Amino acid sequence: MSKEPTAAAGLQNRFRTHYCGLLNRDSEGAGVKLGGWVHRIRDHGGLIFIDLRDHTGICQLVIQPESGELFRIAEGLHSESVISAEGSVVLRSDETVNPRLASGAIEVVVSAIKIESAAHPLPFPVADYMPTSEELRLKYRFLDLRRERLHENIIFRSQLTAAVRKYLTDLDFIEIQTPILTSSSPEGARDFLVPSRLHPGKFYALPQAPQQFKQLLMVSGFPRYFQIAPCFRDEDARADRSPGEFYQVDIEMSFVEQDDLFVILEGMFKHLVETMTTKRIAQYPFPRISYKDVMNRYGSDKPDLRIPIEIQDVTELFVNSGFKVFASNTKEGCCVKAMVLKGMGNESRLFYDKAEKRARELGSAGLAYIQFKEEAPKGPVVKFLKEEEMAALKEQLGIETGDVVFFGAGKWEQTCKIMGGMRNYFADVFPLDRDELSFCWIVDFPMFEYNEEDKKIDFSHNPFSMPQGEMEALEQHSPLDILAYQYDIVCNGIELSSGAIRNHRPDIMYKAFEIAGYPHDEVDARFGHMIEAFKHGAPPHGGIAPGLDRLVMILRDEQNIREVIAFPMNQSAQDLMMAAPSEVTAQQLKELHIKVELPEEEA
């Protein structure tokens, strides 16, 4: 919660001279005016107690029966009505002190009270927590935002945003706003399109990110840029992704290398964690893991490093195995992976059946495992393995009696992802420390990948990243062996941001697009404005853009991103409170030269 002076500095008027949650023993004897919401009201045998709430907290008002008209007004109050009250601060008796409230040592004896706004019956309680459907919470978001946890989340978000601004401006970053109405880009997610009235048949797009603008700012000579940037993407919702719009801490720097950006971001996150939370960072500086290594060891490019399980490669152990399922996957491009769960080898059959079901959901044909029981190893693949293979497994994996080892075999990428999915599935077995923040950088992403569907080389991630080795790499190396200066920052299994050192040279850009099958004229048609700018002197530059919503979500221990956004949409990208999206009038459509053709309803 924000810390403000007890007196309402600069706001002393007929409504308020003090804040409820900031009154304390030092306020004894003070005459105060308070304004807020009726949190609770209790009638204790002639005395009426009102818990009055403002954004700083709660204080108790006392109305005595001899108050006459005041008592009558208080008797008619309902929860969440807005009142203003005047009175004197007195100390509570020792036995009535409420240690759960910051103002619990005092109460205000009321001498005047006024109902500013009477509340109708509530669709759900604000003062007392009661499970409430998300639909109802979003429809009455103005009530939901009064609830303590959500209210504190929004205040925390404001404080975090202010701290980010101060940290970056202290490092000589310049905050610059970029356009909200811009041109549509065919790359990435779907755009939100805005029709132009003045240019019939043409459309603006809301920016998916200020990517091109911030790079152009580097070309314009601004060395360090940032913006708390709104971004708009027409994509489906997830627990950690809000549909429609989100905010990111957009950062770009010129004349930098990858390590320079890492130092800035690590310092900022460390500062935010240490000054705004009681959490601790597991390792600082943050560990850096190559894409290939992170897939081999964790089966995901956004690993939760708190999970005490690591995937190991056992391909070499089965090159000459009689177990064909493993032996057939020791060839180039395939692998055999293993994962040990310490002390979990004596679980019930149901445990393994559920695990196999999850593996099939992830795309596996099944789930091979061996339980290393005290009497003898047990499991569906034991009979296929030789004694020396079992011994080699135990030695390489450090297996002890009571452990269980799970296997995956097949094409490298698919097998890694399935094993990574199982690693996350088994995470529930282990108590994870919610106060530990395991940040890491994922680096050395491949520049290109082979598109199986189109049977061609394509960009694996950002086509505007600088290839490691620059032009020499593009001309002399196989495309699938080229790495890019691309990086992700991950915390506790959540990707906070992607970033890159940009490709600022038109010759390298043309060559990279040529490898991916794009001729010069197509590159010029799509990105001519960027290339034109780069032809007029572009400095080396790079950037990153951590998601503000996700960062608040992690630091506040929330499982759903809608718990850190004031007015979010639902899973179907609808604003239930404002009834958006909505139909518009025929006149509005006519002015925009638009005709709506709705899809035919299925029979």
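The backbone N, Cα and C atoms fix where each Cβ goes, and this holds for glycine too.
Remember, predicted model here, so these are calculated numbers, not experimental data.
Look at Swiss-Prot and you will find Glu187, Arg233, His461, Arg502 tagged as L-aspartate binding site. Classification of His461 (L-aspartate binding site) by DSSP places it in coil, neither helical nor stranded.
Taking a C-beta cut-off of under 8 angstroms and a sequence separation of 6 or more, Glu235 (ATP binding site) has the following same-chain neighbours: Ala189, Arg190, Arg241, Pro243. Taken from Swiss-Prot, the feature ATP binding site applies to Arg233, Asp234, Glu235, Glu495, Gly547, Leu548, Asp549, Arg550, supported by sequence analysis.
Panel annotation: around the region 'Aspartate' (211-214), residues 178-179, 182, 225, 227, 250, 252, 464, 529-530, 543 of the same chain, lying at least six beyond its termini, place a Cβ under 8 Å from a Cβ of the stretch. The feature region 'Aspartate' is assigned by Swiss-Prot to 211-214, with sequence analysis given as support.
The Cβ of His44 (site 'Important for tRNA non-discrimination') has 8 other Cβ atoms within 10 Å, all protein chains considered. The site 'Important for tRNA non-discrimination' annotation in Swiss-Prot covers His44, and the record cites sequence analysis as its basis.
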(Q) Quick check: of the recorded positions listed here (His44, Arg233, His461, Arg502), which one has the Cα closest to that of Glu495 (ATP binding site)? (A) His461
**Q.** Site with most surrounding Cβ atoms, counting all protein chains shown within 10 Å, from the binding-site residues Asp234, Glu495, Asp549
**A.** Asp549
**Q.** By Cα-Cα distance, the member of binding-site residues Arg502, Leu548, Asp549 nearest His44 (site 'Important for tRNA non-discrimination')
**A.** Asp549
(Q) Can you give me the Cα-Cα distance between Arg502 (L-aspartate binding site) and Gly547 (ATP binding site) in Å, rounded to a whole number? (A) 20
Q) Which number gives the other C-beta atoms within 10 angstroms of the C-beta of His461 (L-aspartate binding site), all protein chains shown included? A) 17
Q | Neighbourhood of Arg550 (ATP binding site) by C-beta distance under 8 A, where only residues 6 or more apart in the same chain count | A | Asp240, Ile494, Glu495, Leu496, Ile561
Q. Among the binding-site residues listed here, Arg233, Arg502, which has the most company in the form of other Cβ atoms within 10 Å of its Cβ?
A. Arg502
Q. List, in sequence order, the same-chain residues at least six positions removed whose CB sits under 8 Å from that of Leu548 (ATP binding site)?
A. Arg157, Leu160, Thr161, Val164, Ile228, Phe246, Tyr247, Gln248, Val249
